[in-house]
Amino acid sequence: MKTLDLYGYTSIAQSFDKICISIASPESIRAMSYGEIKDISTTNYRTFKVEKGGLFCPKIFGPVNDDECLCGKYRKKRYRGIVCEKCGVEVTSSKVRRERMGHIELVSPVAHIWFLKSLPSRIGALLDMPLKAIENILYSGDFVVIDPVATPFAKGEVISEVVYNQARDAYGEDGFFALTGVEAIKELLTRLDLEAIRATLRNELESTSSEMKRKKVVKRLRLVENFIKSGNRPEWMILTVIPVLPPDLRPLVSLENGRPAVSDLNHHYRTIINRNNRLEKLLKLNPPAIMIRNEKRMLQEAVDALFDSSRRSYVSSRVGSMGYKKSLSDMLKGKQGRFRQNLLGKRVDYSGRSVIVVGPSLKLHQCGLPKKMALELFKPFICSKLKMYGIAPTVKLANKMIQSEKPDVWDVLDEVIKEHPILLNRAPTLHRLGLQAFDPVLIEGKAIQLHPLVCSAFNADFDGDQMAVHVPLSQEAQLEARVLMMSTNNILSPSNGRPIIVPSKDIVLGIYYLTLLEEDPEVREVQTFAEFSHVEYALHEGIVHTCSRIKYRMQKSAADGTVSSEIVETTPGRLILWQIFPQHKDLTFDLINQVLTVKEITSIVDLVYRSCGQRETVEFSDKLMYLGFKYASQSGISFGCKDMIIPDTKAAHVEDASEKIREFSIQYQDGLITKSERYNKVVDEWSKCTDLIARDMMKAISLCDEKGKYNSIYMMANSGARGSASQMKQLAGMRGLMAKPSGEIIETPIISNFREGLSVFEYFNSTHGARKGLADTALKTANSGYLTRRLVDVAQDCTVVEHDCGTSGGVVARAVIEGGVVVATLDSVVLGRVAAVDTYNPVTGEKLFTSGELIDESKLDKIRVAGLDAVKVRSPLTCESKQGICALCYGRDLAIGDLVSIGEAVGVIAAQSVGEPGTQLTMRTFHVGGTAMRGVEVSNLIALMDATVKLVNSNVVTDKYGNQIVMSRSCEVVLLDAAGNEKMRHSVPYGAKLYATEGQSVSMMEKIAEWDPYTIPIITEKTGTIKYVDLIYGVSINEVLDESTGISNRVVVDWKMHLQGANLRPRLVLLDDNGAVVTLSSDLEASYFVPIGAVLNVQDGQRVHAGDVITRIPRGSIKTRDITGGLPRVIELFEARKPKEHAIVSDVDGYVEFGKDYYRSKRRIFIRPVDKSLPVVEYLVPKGKHTIVNEGDFVHKGDLLMDGDPDQHDILRVLGTEALANYMISEIQQVYRLQGVKIDNKHIEVILRQMLQKVEITEPGDTMYLIGEHVSREEVMKLNRKLAEAGKKEVSYVPILQGITKASLDTNSFISAASFQETTKVLTEAAFAGKEDPLYGLKENVIVGRLIPAGTGFIMNKIKKLAMLDQSDYATYYNSELRGIMGDLGSSIIEEFQTPAPDGSISGSVVDY
């Protein structure tokens, strides 16, 4: 503990448990003050000494110089504590000028602007008066009746000056009591009886039925209760005395030219003192009331400007050309405010920065530090060593020696930096790997050398990037740097658990070349070797080269120790690579007896880590890097223009596509397809053409030349070293389609590639996309950084607090299937999670794992063999720990590959993992040069394996051609394997043709279904005759003539705009041969409602067959998807905003019925529940929106009734927390997956947990809660336990979802919320509620200057609590709180403390320990 007190501050920071904030009473302000300030003088302009009685008065605030009074009579430490009888200054340290407050006694009270102006006005709410009325009383001279006595006025009524004068004439001076100005408000507030108001409001709340009035009453009631609970008095919101900040916090600094630079606060204080003194003199002269009122108003404005000059643009705060003066509020809020600038982001000493260069000869734990920098950074250490060795007798001489760079100094420097790690940081630090520790190696020059393998963690490159160096000073800091932050400890990425120390660029190319197999046409026979030394000799002599095919005798050791050998076909390069592999049974030669690309290399590093541990991995990575660099330079791979081979088939493909597009134009001109359908088809056709050319180009470029050598560019892209297939496509294939800045795709593609060169027109077309990319980057970087900040803020107090919370809850993990393809297997979803229940093999009944067991790589085989399709695992969402989560609910710490440690700050890690790729991706939007990245629309379903078909919800009809047409909106095709396990599940849209029947066997690549992706059809279920109902030409349908084709279509238009269209419900009705309306299988009439924009395919009176398309609704033209579309989506999800056009979700299982329209704009849909006891649910859908259900359809709870994204709040309300979590995870992961970024689900779950912390009270039970109040879930559950024990009625509540910004501001800690956003509002609310900050989170503790309660600080906090206890309680506390973390080591120390001395007393204390 003594070392912690290194800088003397910590003792203050450690000596309290919580911080409370409240409104300061006049008495408390006077008690804090050391004296009243009446004079505006600051310093004497001749002597530059501070003036007595002024704003810098030493008598009030303390001496300017250490231990010296103003007149100079007392000048030494020995006089400390004496007050000079001549000048009245206490002799003490000048530091007190940072702590001692003064005050100004105001002649007239003023209202505090925060309580008056910050909306909603607190003073207004308490008095139940509108803000305008209060302002009129304060500034415009209106009167308020305090006591009506015998007059007809009401108490608290506001009357104008004219009415006041008339009333005074009528009723006399004592007829009634009314006041104006601040005194009136103060009097009203003083007379408030809060207890009586509370009782009245509670009665009102019970009797009122109006929702509006209820909300208003609840707000006022909450305010009144806060005042009662906190012990604040309402009249304290009116100031009669103002505190003055210590002078060293508002200093007077003289500039070079001798002019003083004054802090803005001094200006505000001077204005207040001036106006206050002037008012005091005026009052003695008994002037007219208007003069007094004006002077009081000016005083009020001056005080307002001091507290918050941004609220009203007062003249006083904008003095002439002096510009804006900063107020106290401005000093707190914003990026430059006290919280974010000085408390959360401090500047650090012992640091330097320089440009980085590559250090290929370094080991992973090393970095090259320039000698000049090291000399400066380690100066104090060198000084002490020089003095200790007697080389320099004094510190002054030691400094001189360092400056003149004497030879002795370098020897001492070498000794000092040995085993002393330094920290390297690269801005922006997006995740914790942006700050790592290294052992410094002294180098010449001025640039820092960085190990190539850590570049991806820092996201660094060597094009001029700079990095900062920091020196950890204390022993503890050095220990933490070495044990926790060393680059060798950061092998795995915390966001997905994959290695982040993986080779890239040149290294990959070198290893790829090393494992390549090139067939030399001239070599006929394959050489055979027995030993590696023979291979080396053959290589040296040029008999074989690195990539030749050879045979080699490979020795293999069996588990029992016997050695066997076998002949393998390989290359010398692969054998060279095999020499650096660690020896382990899981690492076989087969791993590298193949061409290694970046993907394989990553999985090898991962496997080495899992099999051999950290040390071996680090050594292996370094060796791998050296090999990669060596062979990349030996390979001679270069980038040549001739290497870009344009495929011969290009012209044919382009011609085919152009031909098809001409066909589409003809179809469009003949009126067979609509404009948007033609556009979509053209875009799709060009996408296909581009892909075909790219495929042929890859085929041509991947072949060896006549000498058996591979193409250099192909090697670079194929190995994953640089470039990608899409970039190669643009170099040698066809650039393809471009996107406009709006995101629309330009339908004329760029047919040329970069090798051929673009025409002027093509070049101009491509500038669109390129510029959009650059503009996007600039805008989105800021967006993504802000998202990360909000995520960190919402999750910062989420740490691992215990091993097991004891819950039996969890979530069901399943494989993720998108578009019929498994994008995340069950293995990858459950890896690193803890099983929530005992899990058995469904066939054999064998127990696979028990509840509470961590599922690691060794257990995954069991899951595969058992063919499980779902596993119930523990989740942060269902964890029941208080103030954090438990280790078992979180599972594996991805950065170390083992169960998470107690004290880990999982919230911050989750926020960084989700936020970091956002920034990365947004910085990279333009990498594909704006070419449109859009997949061809999926229009069919193909079996990807041999399987049996199972149909779910398949309502089909047979059309006139004998095709099976799907009529259900929720039809799914499930493919089962031979054992009957589900392998794939696809939803098939309404109107699709189905080629397979229930139970049919299909073979791989067989087509199961197909549909038109560009339109949504409406299909008849039975045969009959069509009749138009409410489809009136000119009102609800129009013939729309297509200008370019001259063909007209009947299109449904917005009938609400027409006078006659008020009550229309346009629909097509199906009649039988007798003219009666056909009844469908659901017992409903066959009437088909048509939305706005639908194109009618049938005439009135036309005969139709079952399965015919009678109407089609064109889908809008498709926009390109890239992360810039994705990032706002992620933000929308985390902020829990309603999507712009959100879909309506069904609340119950039931049947759909269409009701009568609601006015002109809405359409009624009823759902009649299956459960007859439930009421019918009614929904209002905007007219013209396409409902995806028909009358008579059966819908499940949670199904969508119309197109669009569902609202998350609806999902939570209807389906519950797990369904919401599944929806959010799948939506967020979809965005990241599109960019190839992998994030573990648990990070999203941690953020979600923070968003779900509050509940809404639906029934307060026997408590003081109000209906609709939002309370912390933990608080309610704790209260309910107490109520249950006492046999009282418990509180009922429903979970609510808060966006990350709202959740951050709603946190228990007002310090954390104030430092996030809306500082003044947060502090105002906290003050009148008398809030306490328990200091549980990381942010609050950083702000008050303590160790954070995570990691080492978590344990230190526990030990401090232990130190506070009686020694007899040590063991009990230790066993409950610390044994799980410190084990038996701690208990032996505690026994030592509790061993009685010979006289029976217990000596020693944990504090000493």
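In case you wondered, yes, glycine gets a Cβ from its N, Cα and C as well.
If you check Swiss-Prot, you get these features:
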- Cys69, Cys71, Cys84, Cys87: Zn(2+) 1 binding site (BINDING)
- Asp461, Asp463, Asp465: Mg(2+) binding site (BINDING)
- Cys805, Cys879, Cys886, Cys889: Zn(2+) 2 binding site (BINDING)
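Location within the structure of each feature annotated in Swiss-Prot.
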{"residue": "Cys69", "record": "Zn(2+) 1 binding site", "contacts (Cβ under 8 Å, 6+ apart)": "Pro58, Pro63, Arg75, Cys84, Lys86, Cys87, Val89, Glu90, Val91"}
{"residue": "Cys71", "record": "Zn(2+) 1 binding site", "contacts (Cβ under 8 Å, 6+ apart)": "Cys84, Lys86, Cys87, Val89"}
{"residue": "Asp461", "record": "Mg(2+) binding site", "contacts (Cβ under 8 Å, 6+ apart)": "Cys455"}
{"residue": "Asp463", "record": "Mg(2+) binding site", "contacts (Cβ under 8 Å, 6+ apart)": "none"}
{"residue": "Asp465", "record": "Mg(2+) binding site", "contacts (Cβ under 8 Å, 6+ apart)": "Val355, Ile356, Arg426"}
{"residue": "Cys805", "record": "Zn(2+) 2 binding site", "contacts (Cβ under 8 Å, 6+ apart)": "Cys879, Glu880, Ser881, Ile885, Cys886, Leu888, Cys889"}
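Reduced to three states, the DSSP call for Cys87 (Zn(2+) 1 binding site) is coil. Every protein chain considered, the tally of other Cβ atoms within 10 Å of the Cβ of Cys84 (Zn(2+) 1 binding site) stands at 20. Each of the binding-site residues Cys87, Cys879, Cys889 was scored by how many other Cβ atoms lie within 10 Å of its Cβ, and the smallest score goes to Cys87. Counted within 10 Å of its Cβ, the other Cβ atoms near Cys886 (Zn(2+) 2 binding site) come to 22, all protein chains included.
The residues near the Zn(2+) 2 site, meaning same-chain residues not in Cys805, Cys879, Cys886, Cys889 whose C-beta sits within 8 angstroms of the mean position of the site's C-beta atoms, are Glu802, Asp804, Thr807, Arg874, Pro876, Thr878, Glu880, Ser881, Ile885, Ala887, Leu888, Tyr890, in sequence order. Sitting within 8 Å of the Cβ centre of Cys69, Cys71, Cys84, Cys87, and not among those site residues for Zn(2+) 1, are the Cβ atoms of Leu70, Gly72, Lys73, Tyr74, Lys86, Gly88, Val89.
When secondary structure is read from DSSP and collapsed to three states, Cys889 (Zn(2+) 2 binding site) falls in the helix class. Classification of Asp465 (Mg(2+) binding site) by DSSP places it in coil, neither helical nor stranded. Those residues of the chain, other than Asp461, Asp463, Asp465, with a C-beta within 8 angstroms of the mean position of the Mg(2+) site C-beta atoms are Ile356, Ala460, Phe462, Gly464.
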